């Protein structure tokens with residue numbers, strides 16, 4: 001384990017050195033939040049990838065591969081590419097033209113202050129809940145490692161305490177370099193974290209493949225199910241009429257229809273209306289460089305997801321040949337962490353732990369930076385202290401980083417408690433599904449602003465956003481349906497929630513009208 005600890009210590013030292021170095025010469029909120037708009041597109045590309053591949057993906061995607069033994073999850077990459085092309089071509093230029101720091105400033109210029117503040121608050125609440133939920137994943141490997149090293153078999157309450165300790169440790173480390181270095185620290189540490197992630201996953205694949213007796217022939221022999229190796233799934237069934245087929249498609253997460261429509265709308269929302277992602281694109285020298293970064297990141301997403309899913313498939317095959325090595329009650333989400341701790345050799349195990357930390361810290365640092373920036377720009381300066389100096393803004397955004405870190409730890413701890421007491425939950429759907437309730441409302445309003453000149457108004461937009469949320473809440477029974485309605489309402493899987501929410505919000509908002517405003 002000394003070799004593993006050495007690898008992890010070197011990783012942390014490199015992260016802190018980058019963060020401290022990047023924090024030099026920051027004299028304004030723009031310097032801190034956007035890196036003075038001077039970062040190269042390839043670094044922004046690496047940062048986008050590092051932020052997307054959270055600990056939820058690092059553990060959840062191999063878990064999906066292990067569970068399904070196919071690549072249907074990767075279909076969603078089709079929509080992620082299409083969505084990023086739209087974001088690059090439609091969203092980024094107005095953001096650059098208006099020189100916004102918080103993208104919700106655009107909504108004030110297009111519609112009014114009420115729309116800006118409402119959208120900003122929707123982002124803040126959604127991002128805290130989603131990033132806090134994802135933070136839970138970072139603790140899984142550390143908890144398993146602790147139990148392996150100490151030989152302690154902890155009860156449920158003790159496991160929750162171990163999770164909380166792990167989340168606090170990761171969050172404190174990430175908060176320090178993020179608060180000091182701002183977006184420059186986030187981006188340049190993300191570059192390192194992307195490299196660590198890539199090397200660690202390829203190492204895991206190599207070890208897995210090397211330890212399966214018979215190599216590829218054994219893998220093929222073990223993968224003999226009807227859906228094994230499947231990539232495309234239409235989600236339809238035999239003997240169903242048109243409406244029944246539609247209801248069946250809407251109830252499934254990974255289908256061709258969800259890939260082309262659902263994932264496209266999700267990506268437009270997460271990469272076009274979420275300060276978390278857009279902020280790094282605005283750090284490029286111009287909109288063309290930002291567009292290049294986001295589109296190329298979409299192209300690279302596909303092979304990355306394939307690697308994660310293939311890792312899960314190999315885990316399934318490995319434990320088919322070594323069933324005694326895996327406890328029978330191991331949750332799907334814990335299979336990859338269990339393999340890392342119990343099967344990998346020294347050094348490579350440390351590299352994989354560093355890879356998990358890289359994914360967790362990469363997505364966490366981005367969330368903290370965007371949350372603090374939005375709160376400072378839209379609320380502290382926008383409401384409480386419009387005349388704030390740059391020094392006061394920098395102080396606020398740094399303290400905001402620490403404050404939001406505490407909130408994320410709280411949400412992550414609650415998630416850990418829930419999952420420990422309900423191990424059957426497929427948490428990747430929860431982590432991805434949170435956005436479905438609110439991001440359709442955000443995307444609908446942004447599209448209304450960018451695709452029309454006179455439609456939408458401050459008051460109408462609030463009604464439209466509420467309608468989008470209300471419809472999704474009803475369809476998913478977050479709000480109980482009236483008695484007898486259940487038979488008429490199909491189950492809505494998470495890829496479709498943003499799509500439906502967007503269409504409802506856009507349609508309602510389109511019914512309201514405002515005087516013509518110049519878009520450029």
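Including glycine, each Cβ sits where the backbone N, Cα and C put it.
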If TrEMBL is the reference, give me the range from 160-180, 223-243, 328-348 marked as transmembrane segment. 160-180
Report the listed stretch (160-180, 254-272, 462-481, 493-512) having the maximum count of Cβ pairs within less than 8 Å of the transmembrane segment (73-92). 254-272
Stretch of maximal Cβ-Cβ contact with the transmembrane segment (493-512) [cut-off: under 8 Å; candidates 187-209, 351-375, 462-481]: 462-481
Given a Cβ distance threshold of under 8 angstroms, which distant residues of the chain, six or more beyond its ends, lie next to the transmembrane segment (187-209)? 11, 14-15, 18-19, 22, 35, 39, 43-44, 46-47, 49-51, 53, 58, 177, 181, 215, 280, 283, 307-308, 310-311, 314-315, 318, 339-340, 343-345, 348, 351-352, 354-355, 358-359, 361-362, 365-366
Is the number of Cβ-Cβ pairs under 8 Å between the transmembrane segment (396-420) and the transmembrane segment (293-319) three or more, considering only pairs separated by 6 or more positions? no
Stretch-level contact, the transmembrane segment (39-61) and the transmembrane segment (351-375), CB cutoff 8 A, at least 3 pairs: yes
The recorded stretch from 293-319, 351-375, 462-481 sharing the largest number of CB pairs under 8 A with the transmembrane segment (160-180) is 351-375
